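Asker: Structure provided below as structure tokens; questions to follow.
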Amino acid sequence: MSPQHRLEYLQRMIVTAAQMRSIEQRIFDAGMPIAAVMEKVSGRLALRIQALYPQPSTHRIGVLVGPGHNGGDALVVARELYFQGYEIMLCCPVSRLKDLTATHLHYLENLGIACYQSVDPLAECDLLLDGLFGFGLDRVLTKPISTIVDVVNEWDIPRLSIDLPSGLHTDTGQVLGTAICATHTLCLGLWKLGLLQDDALHYVGQAELIDFDIPLADIAAVLGEMPSVQRVTPQCAIAALPLVRPASTHKYKMGHVLLICGSRRYAGGALLTGLGARASGVGMLSIAVPQSLKSALSVQLPEALIVGCPETEDGAIAELPASVTLSSFNAIACGPGLTTDATAVVEQVLTSECPLVLDADGLNIVAHHGTIPTLHKRQAPTVLTPHLGEFKRLFPEIADGMDCRVTAVQRAAKHSTAIVLLKGARVVISDPHGSVRVNPTSTPALARGGSGDVLTGLLGGLVAQKFAAPSSTTLLDVVQAGTWWHAQAGCLAARKRTELGVDAHTLTNFLIPALARQTQIGTE
Ligand SMILES: NC(=O)C1=CN([C@@H]2O[C@H](COP(=O)(O)OP(=O)(O)OC[C@H]3O[C@@H](n4cnc5c(N)ncnc54)[C@H](OP(=O)(O)O)[C@@H]3O)[C@@H](O)[C@H]2O)[C@@H](O)CC1
Ligand SMILES: Nc1ncnc2c1ncn2[C@@H]1O[C@H](COP(=O)(O)OP(=O)(O)O)[C@@H](O)[C@H]1O
Ligand SMILES: [K+]
């Protein structure tokens, strides 16, 4: 495997603490000495740290040393940086250290490097290395370590965490009492699940993976040849998008999506969903809205077929016109801006034989009427796209006390027999068989009313294209690709316009430029 392919493969992998320990054990059992692994890891860390924090602007480095091998890593890094000319100060608040860690500490002390129990002497450093705990942390931090963490979090000094910010649970990303709030996290070997949990993001800072040549056979032996939980990478997202059209195609071969959205109260939801679908490249776009929205929408989306529907007194869709045959579409995307008055339409859609993306009030109606069992009867695939509030309403038992988004979404997908996409800072998607994808790159600029409507339209258009033509791409692949694309548009828009400048309408204008940039097709 080429170095580039290896890196792409590693970027897709996610491990729990138990899985990392099994992989580590296989390496040791095969004869690689533990001390040699630590040297290798730390050598790569030291190189990266020198690149991130070069001399002379960074000179004095404070190192927080914990009792286990995370502390050992920190000490070896400290030694290497010392020989490169940095001034090193150690803080080791515990007396009982693992043997290898104790050996390295002994050597550093013999080199004349000062080691303190208190953290106060490190207050004037230019950089702090956090080697208190890695994936071996299994309980809440107590004094004096918890105090040290709280103190350094107050200092105006960059903090670089080795493997994980100390104090975070390796799998759930939850804070065990307190945790280092890192500027950078250099994750070792394989991405730890906890770093991808929304709760952890505040602590993780900029995260990077440091490869230390774990044999791929050991990874596959523990995670499987096709690991069920994966990070979304640009390569796998792009591969699932319908970027190249057959030369002799025509519009009906490129998918026909029906959007069912909007109400007099939430007219904008229909437009944003429509603009998202338009960017997907779908061949035909039909949009069912309350009759009173029809003319305004026709002006804004001239290429779409706008279907005006009979409406309730409050301006929600009362029913679909008889002329609409749901089974004639390749996909339906339903929900944004409907209000819960549109119950009859959602029930009709649920019983249709058309692939369905259900969002927003579509989900609220399902939750309110307890219609999850209806999903089991559906012959065609379903994608549910709740945010956390909708997720809690849909799956109250699963959400109750949920501490890991990945496990919760896996359970929800199994329970509903649908693909479930849980929105948030790090979108988690699971199919009913438990295959999970986590999107690791996004921007808080998307935390804004209407950006989810754009995603629903985009997904609807992509799902329609998938079902319009036979393909080996799975629905999960398509959904993760749409999620990645949406987030990339947010990132590009935020770069060009600041995080404040990414309203949902603007976001739709960045979908195509973001894709063009990522695929290097066209120019802006
Ligand atoms: N995997 C790999 O391939 C490689 C892994 N490497 C590195 O090793 C790291 C994992 O090392 P690790 O297993 O020694 O665990 P680590 O996180 O340093 O500390 C656990 C120690 O802390 C203790 N302890 C736990 N909780 C506590 C608490 N609340 N308060 C106080 N103490 C607590 C617990 O001891 P206990 O008290 O339970 O006996 C244990 O001694 C990993 O993150 C990476 O940096 C690389 O060097 C090489 C390649
Ligand atoms: N902090 C965040 N970082 C990145 N993306 C976010 C963040 N918060 C929300 N998002 C994304 O923004 C979108 C919001 O969707 P949703 O909550 O349904 O909003 P709306 O219903 O108003 O359109 C989702 O795609 C979600 O993943
Ligand atoms: K750490």
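Any Cβ shown, glycine's included, is placed from N, Cα and C.
Curation does not apply to TrEMBL; its annotations are automatic.
Reproduced below are the annotations present in TrEMBL:
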type: BINDING; residues: 69-73, 134-140, D163, G337, H387, D453; note: (6S)-NADPHX binding site
type: BINDING; residues: N70, D130, S166; note: K(+) binding site
type: BINDING; residues: G452; note: AMP binding site
type: DOMAIN; residues: 20-220; note: domain 'YjeF N-terminal'
type: DOMAIN; residues: 234-518; note: domain 'YjeF C-terminal'
Asker: Helix, strand or coil for N70 (K(+) binding site)? Use DSSP.
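Answerer: Going by the DSSP assignment, N70 (K(+) binding site) falls within a helical segment, counted as helix.
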Asker: Among the binding-site residues D130, S166, G452, whose Cα is within 10 A of the Cα of L137 ((6S)-NADPHX binding site)?
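Answerer: The binding-site residues passing the 10 Å Cα test are S166.
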Asker: Roughly how many Å lie between the Cα atoms of F135 ((6S)-NADPHX binding site) and N70 (K(+) binding site), rounded to a whole value?
Answerer: 8
Asker: Got a sec? Which of H69, G71, D73, D130, S166, the binding-site residues, have CB under 6 Å of any ligand 3 atom?
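Answerer: Close enough to ligand 3 are D130, S166.
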Asker: Check the Cα distances from D163 ((6S)-NADPHX binding site) to each of the binding-site residues N70, D130, G452 and keep only the ones within 10 Å.
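Answerer: Among N70, D130, G452, the ones whose Cα sits within 10 Å of that of D163 ((6S)-NADPHX binding site) are N70, D130.
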Asker: I'd like to know which of the binding-site residues H69, N70, D73, D130, D163 has the most other Cβ atoms within 10 Å of its Cβ.
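Answerer: In terms of Cβ crowding, the pick is D130.
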Asker: Under 8 Å Cβ to Cβ from H387 ((6S)-NADPHX binding site), same chain, six or more residues apart: give me those in sequence order, or none if nothing qualifies.
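Answerer: When sequence neighbours closer than 6 are ignored, H387 ((6S)-NADPHX binding site) has L422, K423, G424, G452 within Cβ distance under 8 Å.
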Asker: Quick one: which of the binding-site residues (D73, D130, F135, R139, S166, G452) have their CB closer than 6 Å to ligand 1?
Answerer: D73, F135, R139
Asker: When you measure from the Cβ of R139 ((6S)-NADPHX binding site), how many other Cβ atoms are you left with inside 10 Å?
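Answerer: Excluding its own Cβ, the number within 10 Å is 8.
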Asker: For the binding-site residues G71, G452, which one has the sparsest Cβ surroundings, going by other Cβ atoms within 10 Å?
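Answerer: Relative to the other binding-site residues in G71, G452, G452 has the fewest Cβ atoms within 10 Å.
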Asker: How long is the line from the C-alpha of H69 ((6S)-NADPHX binding site) to the C-alpha of D130 (K(+) binding site), rounded to the nearest angstrom?
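Answerer: Cα-Cα distance, H69 ((6S)-NADPHX binding site) to D130 (K(+) binding site): 12 Å.
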Asker: Including all protein chains displayed, how many Cβ atoms other than that of F135 ((6S)-NADPHX binding site) lie within 10 Å of its Cβ?
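Answerer: Excluding its own Cβ, the number within 10 Å is 26.
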Asker: Which chain-mates of S166 (K(+) binding site) that are at least 6 residues away have a CB under 8 A from its CB, listed by sequence?
Answerer: L64, G66, N70, D130, G131, L132, F133, G134, L137, L141, V149, A179, I180
Asker: N70, G71, L137, S166, H387, G452: which of these binding-site residues put a Cβ within less than 6 Å of any ligand 2 atom?
Answerer: H387, G452
Asker: Give the number of CB atoms, excluding that of L137 ((6S)-NADPHX binding site) itself, located within 10 Å of its CB.
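Answerer: Excluding its own Cβ, the number within 10 Å is 22.
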